[in-house]
Amino acid sequence: MFTFILLCLLVGALAGFLAGLFGIGGGLVIVPTLVYLLPIVDVPESLLMSTALGTSFATIVITGIGSAQRHHKLGNIVWQAVRILAPVIMLSVFICGLFIGRLDREISAKIFACLVVYLATKMVLSIKKDQVTTKSLTPLSSVIGGILIGMASSAAGIGGGGFIVPFLTARGINIKQAIGSSAFCGMLLGISGMFSFIVSGWGNPLMPEYSLGYIYLPAVLGITATSFFTSKLGASATAKLPVSTLKKGFALFLIVVAINMFLK
C-alpha cells in the first residue's frame, strides 16, 4: 500500500500540473496509470477500467477546484460561454457514466484509446493550419456540444478539456480563455462523473476495501494531495507561455498518451 500511495502522489503531481496548463482535468494521465497500478491493491481485471474512470473523475473534482480558482483570478473564464455548456455536460456525463460503468473492460479501454487518438489528431491539424472561425456560440450549439462532450468525457474519464478547448476556440474564444473555461467545466463535470460511477458500482462485492462504488478512495487521496497544488502552477504557466507553445504542448501530450494506450 505504501508503494501504491507513493506512486499516486507522483502521478498527482504530474496530472495536476497538466490539468492546470491544458484544462484537461488530468484524466488522460490518471486513467492509463491507474490501470497499471490498481492490480497492486487487488482490483480485479474486469473492473480495472471502471475503477480507473470513476477514481479519475473523483480526482478531477479536487484538481479542478485549484485550476478553476487560478484561472478565475487570471480572468480566463468566459461565463457567458459556460452558463449553458457546463450544466448540459454535467447531465450528459452522469447519464453516460451509468452505462460506461457496466461495459466490458476491453471495450471501454478501446473507446478510451480511440478518443485519445482523435484528440491528438485534432490538435496536430490545428497546429499545421490556423482555424478560421466561422461559427458562433449559440444556445443550441452549446446544448449539442455539451451532450457530445459529456458522452466522450464519460468514456475517457477526463475533464473534457480536449473537447471543450477546440469547441470554444472554433467559436471565437482565444485559447487561454478556452482553457480557463474548460477548467471550470471540468470541475463540474468531475462532480457529475464521480456520482455516476459511485451509483453504477455501489455494493459491488469485488471492489477492495476503502472503495465507494467504482472509486478507490486511497488513490483519490494520494493523487489529489499533490495535484491540487501543482494544478495552480500549471494554470499560472498559461499566462507565461505563447499560444503556439500551448497548442504544440497539448498535441504532443495527447500523442504520447495515445501511443502508450496502443502499446499497452
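Backbone N, Cα and C atoms are what each Cβ position is placed from, and that goes for glycine too.
Source: prediction; values computed, not measured.
Feature annotations, courtesy of Swiss-Prot:
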{"type": "TRANSMEM", "residues": "4-24", "note": "transmembrane segment"}
{"type": "TRANSMEM", "residues": "28-48", "note": "transmembrane segment"}
{"type": "TRANSMEM", "residues": "49-69", "note": "transmembrane segment"}
{"type": "TRANSMEM", "residues": "81-101", "note": "transmembrane segment"}
{"type": "TRANSMEM", "residues": "107-127", "note": "transmembrane segment"}
{"type": "TRANSMEM", "residues": "147-167", "note": "transmembrane segment"}
{"type": "TRANSMEM", "residues": "183-203", "note": "transmembrane segment"}
{"type": "TRANSMEM", "residues": "210-230", "note": "transmembrane segment"}
{"type": "TRANSMEM", "residues": "243-263", "note": "transmembrane segment"}
Q | Same-chain residues near the transmembrane segment (28-48), Cβ under 8 Å, at least 6 residues beyond its ends | A | 1, 3-4, 7-8, 11, 14-15, 18, 55-56, 59, 104-105, 109, 112, 116, 156-158, 162, 201, 204, 206-208, 214, 216, 218-219, 223, 253-254, 257, 260-261, 264
Q: Using a Cβ-Cβ cut-off of under 8 Å, list the residues of the same chain that are 6+ residues beyond the ends of the transmembrane segment (81-101) and lie near it.
A: 50, 53-54, 57, 108, 137, 139, 142-143, 145-151, 153-155, 160, 164, 168, 171, 173, 181, 184-185, 188-189, 191-193, 195-197, 199-201, 214
**Q.** Most Cβ pairs under 8 Å with the transmembrane segment (183-203), selected from 49-69, 147-167, 210-230
**A.** 49-69
